[in-house]
Amino acid sequence: RSAPPPPAGPRAVLPTIYAITPTYSRPVQKAELTRLANTFRQVARLHWILVEDAAARSELVSRFVAGAGLPCTHLHVPTPRRYKRPGLPRATEQRNAGLAWLRQRHQHLPPSQPGVLFFADDDNTYSLELFQEMRTTRKVSVWPVGLVGGRRYERPVVENGKVVGWYTGWRADRPFAIDMAGFAVSLQVILSHPKAVFKRRGSQPGMQESDFLKQITTVEELEPKANNCTKVLVWHTRTEKVNLANEPKYHLDTVNIEV
């Protein structure tokens with residue numbers, strides 16, 4: 001009789017993808033989160049970090065998370081009122097709360113846990129292929145983003161496997177002329193740069209990505225994904241503003257329905 005096959009060696013652990021999603025109360029919030037959850041549920045080893053812009057967790061998001069059917073951490077932190085003016089960067093406090101949670105959690109886990117972090121705003125549309133691409137991130141990976149910056153797409157320009165510039169409609173002189181949806185960072189990089197956060201002081205609108213990435217990498221080190229940054233796998237779709245002109249002020253419905 002033939003000998004039994006040798007026991008298989010330890011299987012490589014699939015890196016966990018951590019998706020940090022800032023969210024805030026508005027008529028389309030639950031619809032946006034539902035669309036996002038339907039995508040994330042199809043991705044292996046994804047942990048969703050949902051951060052509300054609020055002084056407390058809302059019932060709507062708490063109920064949503066409980067029924068979302070995927071690993072999810074629900075955080076909340078309010079944006080100070082002085083930062084809610086038009087033209088100022090948004091979601092800074094929420095993204096930083098997600099980073100703080102990740103660092104705190106991994107203080108107590110073995111360092112061999114591989115992971116990748118990306119910032120998944122709730123008004124974007126994500127191809128499942130994007131998660132396959134970002135999962136192999138060694139340090140910081142980048143890719144194009146569709147329907148952003150007043151163009152059909154923006155992308156890093158790649159030559160010989162290296163990023164050499166940016167195809168963008170706005171301020172191509174930025175150190176990293178890239179949208180929040182256009183990059184992923186290895187968990188090891190996040191943990192080895194404990195002070196890397198999104199800054200309020202001295203940060204101009206549209207510079208948050210550059211200000212953050214400057215703290216952890218250089219353009220030369222970026223890893224182009226999505227076929228050398230020639231495929232669009234994420235779109236900044238945004239939901240149109242809801243028309244509630246016929247919503248009654250009085251004579252409300254006899255039941256209270258969550259939308």
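Every residue, even glycine, has its Cβ placed from backbone N, Cα and C.
If you check TrEMBL, you get these features:
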type     : residues                                                         : note
BINDING  : P22, T23, Y24, D53, R90, R95, D121, D122, D123, H236, T237, R238 : UDP-alpha-D-glucuronate binding site
BINDING  : D123                                                             : Mn(2+) binding site
SITE     : E154                                                             : site 'Interaction with galactose moiety of substrate glycoprotein'
ACT_SITE : E209                                                             : active site, proton donor/acceptor
SITE     : N246                                                             : site 'Interaction with galactose moiety of substrate glycoprotein'
Cα-nearest neighbour of D121 (UDP-alpha-D-glucuronate binding site) within the listed recorded positions, E154, E209, N246: E209
Other CB atoms, at most 10 A from the CB of P22 (UDP-alpha-D-glucuronate binding site): 26
Recorded positions: D121, D123, E154, E209 - member with fewest neighbouring CB atoms within 10 Å: D123
For E154 (site 'Interaction with galactose moiety of substrate glycoprotein'), the one of P22, R90, D123, T237 that lies nearest, given that the binding-site residues are compared by Cα: T237
Cα-to-Cα gap, E209 (active site, proton donor/acceptor) vs R90 (UDP-alpha-D-glucuronate binding site), nearest whole Å: 12
